[in-house]
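Some notes on the structure that comes next.
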């Protein structure tokens, strides 16, 4: 009879070669992590009897596949590096598939006027900051539903909120810093609806780990009856990301309104939607190369491709650069400086790797010499061979010398004159293998700057290995 850790080690030996091998000195530690993760969030039974009964269809493999499918990973049933990376991310303690409820079916509050009480306060933040974070988190949900929330200072409330650590006598102990950040129980009597936050975490009111407002808003979704979402852009996605602007996605809004009905507001609120890489109508805000990869930006998200992995990675911009705003308008790489510059409005940021350089953001007029009539940059690209950077603004473009750090004389010029066939407006552009790739709406033009000719016309998302467009 195989023990669960041994079975996991055997699975590792059969692992995919698409990802880096797990170092042997950390393998045992990761095996234990995988076991605990699947037990905690995917209802894996660790008893040897179940494994023996399902010897030819291992429950470990099935649970790994279930987890990989939930997170949109390549479904292999093997604990590859990408799977381990997702498992190591901080997250909500509510399981993704197992029951974590006190009532059968789809629990909901019968009363839409709910009360909450903060039983104790974390010392990480001033009490006023905790009160504000909790109030704002509830307001997110009340804005899109008929629910109201009133704070009480004593007695039993519908939703009791506490900061605790370790084993706090609810059969769901916390695990220390990182990992399981908080959990909440779905509507019901006694502990139903209550939210617990791990006091071993450091709670903040900014982008540093962990933003209390962001985590509380997620947990209160559980308190109201919502389960986890597979939509990475949803607030109810299980893993923790801080995107700067905590908001409900359309997926979250649809979920809460399915339980309680629409908001009482005359105009129903609409939330952002997560881009789908194989959507034939997909457009981009900005695109740039970065150290051999290509990154496409849309709203709060980036989509990344590299030569070694065919699937596009979709994630939040804030994962790499929490200081950058959402809705970037232009970006380009300065390869000889190992920098990427991002633009929004009249400001730009320079980054090296995952670090935003000191002194940024800066003003585009002072740094590049744009006239005051230029309010923002639509697109930008830098030629690696010449050090010339092209800035596209409305139907004109400027050319900037990265070595001299000055605008070239004789600009701006008309886009249509020097880049015939691409139209007079550019949404995004990048250079690869000597060619420019211009994007406007759902179209992409491969352009040869030497011959000034369009070579191909394709869908904007043709880089994403989609079967149909």
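Numbers run from 1 along the shown chain.
Using N, Cα and C of the backbone, Cβ positions are placed for all residues, glycine too.
According to Swiss-Prot, the feature motif 'Cysteine switch' maps to residues 90-97, out of the candidate ranges 90-97, 98-105, 106-113, 114-121. What Swiss-Prot records for the Ca(2+) 4 site is 285, 329, 427, and among 231, 245, 378, 385 the residue it adds there is 378. According to Swiss-Prot, the residue from 158, 167, 175 that belongs to the Ca(2+) 2 site alongside 190, 192, 194 is 158. Per Swiss-Prot, the candidate among 183, 218 that belongs to the Zn(2+) 1 site alongside 168, 170, 196 is 183. Binding site for Zn(2+) 2 per Swiss-Prot: 92, 218, 222, plus 228 from the candidate set 228, 336. Around the Cβ of residue 278 (disulfide bond), a 10 Å sphere holds 15 further Cβ atoms from the protein chains shown.
Cβ-based crowding with a 10 Å cutoff singles out 92 as the top-ranked of the recorded positions 92, 466.
Taking the centroid of the Cβ atoms of 175, 176, 178, 180, 198, 201 as the Ca(2+) 3 site, the other same-chain residues with Cβ within 8 Å of it are 90, 174, 177, 179, 181, 200. Below 8 angstroms of C-beta separation, residues 277-289, 294, 296, 303, 305, 310-312, 330, 332, 378-384, 390, 392, 394-395, 397, 414-416 of the same chain, each at least six residues beyond the ends of the repeat 'Hemopexin 4' (423-466), sit close to that stretch. In sequence order, 165, 166, 198, 200 make up the list of same-chain residues 6 or more apart from residue 176 (Ca(2+) 3 binding site) whose Cβ falls under 8 Å from its Cβ. Neighbour list (residue 180 (Ca(2+) 3 binding site), Cβ cut-off 8 Å, at least 6 residues apart, same chain): 40, 91, 92, 93, 174, 198.
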